[in-house]
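J.: So that we are looking at the same thing, I have put the structure below in structure tokens.
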Amino acid sequence: MRLPRASSPCGLAWGPLLLGLSGLLVASQPQLVPPYRIENQTCWDQDKEYYEPMHDVCCSRCPPGEFVFAVCSRSQDTVCKTCPHNSYNEHWNHLSTCQLCRPCDIVLGFEEVAPCTSDRKAECRCQPGMSCVYLDNECVHCEEERLVLCQPGTEAEVTDEIMDTDVNCVPCKPGHFQNTSSPRARCQPHTRCEIQGLVEAAPGTSYSDTICKNPPEPGAMLLLAILLSLVLFLLFTTVLACAWMRHPSLCRKLGTLLKRHPEGEESPPCPAPRADPHFPDLAEPLLPMSGDLSPSPAGPPTAPSLEEVVLQQQSPLVQARELEAEPGEHGQVAHGANGIHVTGGSVTVTGNIYIYNGPVLGGTRGPGDPPAPPEPPYPTPEEGAPGPSELSTPYQEDGKAWHLAETETLGCQDL
């Protein structure tokens with residue numbers, strides 16, 4: 001719905017004028033002054049007025065420090081008067097008398113803090129060493145405090161809302177401390193060093209506060225590190241000196257072990273092992289140690305002598321000893337002389353020689369093998385036949401073939 005007159009400039013000008021006239025009309029109405037009649041028995045100001053049922057009017061209350069001297073009527077309001085000495089009224093009232101001031105009773109354990117006036121009663125408190133006993137949130141009398149001393153690290157806890165003298169000591173909460181012995185001791189929070197721009201020197205406990213100190217300067221920390229390094233070096237040097245004085249041989253052995261094989265260098269070659277005295281060398285040089293060998297005559301090789309046969313039978317043992325020798329031993333060969341050289345447990349052959357391996361029963365010859373030598377001109381003794389310990393020239397018996405015993409051949413292989 002449109003209001004052309006209200007939206008027009010003339011309507012906007014009339015608005016403030018109408019509001020001012022309404023305020024004047026309200027102010028011009030007569031204000032209700034007690035005593036005044038009212039229909040619902042409810043006065044306008046409940047704190048400072050009261051309803052008088054005898055006259056069916058609302059009357060004024062007396063202010064603090066006064067009492068009702070004359071009751072109101074339909075034509076007259078309440079008449080108030082100041083309370084006499086040693087009496088008081090603390091609130092707005094319609095009482096006909098004032099309350100009597102009550103002094104602080106020493107017998108009950110009280111002492112006076114502020115005297116009684118017409119608008120306030122005397123203010124009392126318990127004497128030192130005593131505490132209040134409350135009843136309906138009012139201290140009725142005082143009693144001596146119980147001698148319950150809370151030790152450091154604990155605090156007093158009120159367990160009874162009526163009697164605050166019933167205390168119990170409980171441990172302080174984490175982050176709090178208490179360092180006195182008192183029945184009213186309370187735990188306090190630990191000091192926070194970082195808030196004060198300090199560093200913590202010692203942490204707080206339940207019975208002590210946190211200890212703070214100024215932050216150390218960088219120069220002091222550097223000096224401390226240098227001194228600590230020097231102390232450790234001197235301590236290490238002292239320990240080494242004591243160990244050298246008490247155990248010099250052990251220290252020398254340790255130094256020898258450290259210097260024997262430096263890192264990155266090869267260990268020196270080990271000396272050649274000595275020949276075992278219990279197993280003497282069985283190989284003897286077959287050719288002279290010096291001088292060149294004379295060229296062998298052309299033609300088939302001659303029959304091996306008895307020493308050559310014995311040497312060939314002993315060759316497996318010599319070969320086994322050569323396998324056990326160190327690699328360095330094989331390199332120790334005398335150069336510039338032809339022949340067979342024996343060094344330790346090794347046999348070195350220089351020059352052209354023929355080796356007779358002896359007859360092998362049932363064996364086959366290869367294409368590169370030398371021609372078979374003729375059979376020896378002497379027979380081999382029969383198996384089990386007794387003979388002298390020294391070598392002698394055997395004789396062939398009639399009707400027997402030239403051969404070597406099979407057991408002798410197998411015996412050489414077993415060696």
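Here the Cβ of each residue, glycine as well, is placed from N, Cα and C on the backbone.
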J.: Which one, Cys124, Cys132, is listed by Swiss-Prot as the other cysteine in the disulfide with Cys126?
T.: Cys132
J.: Taking Cys172 as one end of a disulfide recorded in Swiss-Prot, give the other end from among Cys187, Cys193.
T.: Cys187
J.: Have a look at Swiss-Prot and say which candidate in Cys43, Cys62, Cys72 forms the disulphide with Cys58.
T.: Cys43
J.: Pick out which of Cys59, Cys62, Cys80, Cys83 Swiss-Prot lists as the disulfide partner of Cys72.
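T.: Record-based pairing for Cys72: Cys59.
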J.: Cys124 has a disulfide partner in Swiss-Prot; which of Cys101, Cys104, Cys150 is it?
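T.: Between Cys124 and the options Cys101, Cys104, Cys150, Swiss-Prot records the bond with Cys104.
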J.: Provide, as an integer number of angstrom, the distance between the C-alpha atoms of Cys124 (disulfide bond) and Cys62 (disulfide bond).
T.: 26
J.: Given Asn40 (N-linked glycosylation site) and Cys126 (disulfide bond), what distance in Å do their CA atoms have, once rounded to a whole number?
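T.: Answer for this pair: 48 Å between alpha carbons.
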J.: Which has the fewest other CB atoms in a 10 Å radius around its CB: Cys58, Cys126, Cys142, Cys150, the listed disulfide-bonded residues?
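T.: Lowest Cβ count within 10 Å among the disulfide-bonded residues (Cys58, Cys126, Cys142, Cys150) is Cys126.
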J.: Between Cys83 (disulfide bond) and Cys72 (disulfide bond), how many Å separate their Cα atoms?
T.: 19
J.: Please report the DSSP secondary structure of Cys104 (disulfide bond), reduced to three states.
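T.: Where Cys104 (disulfide bond) sits, the three-state DSSP reduction gives coil.
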J.: Would you count the other CB atoms within 10 A of the CB of Cys187 (disulfide bond), including those on all shown protein chains?
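T.: Neighbour count, Cβ to Cβ under the 10 Å cut-off: 21.
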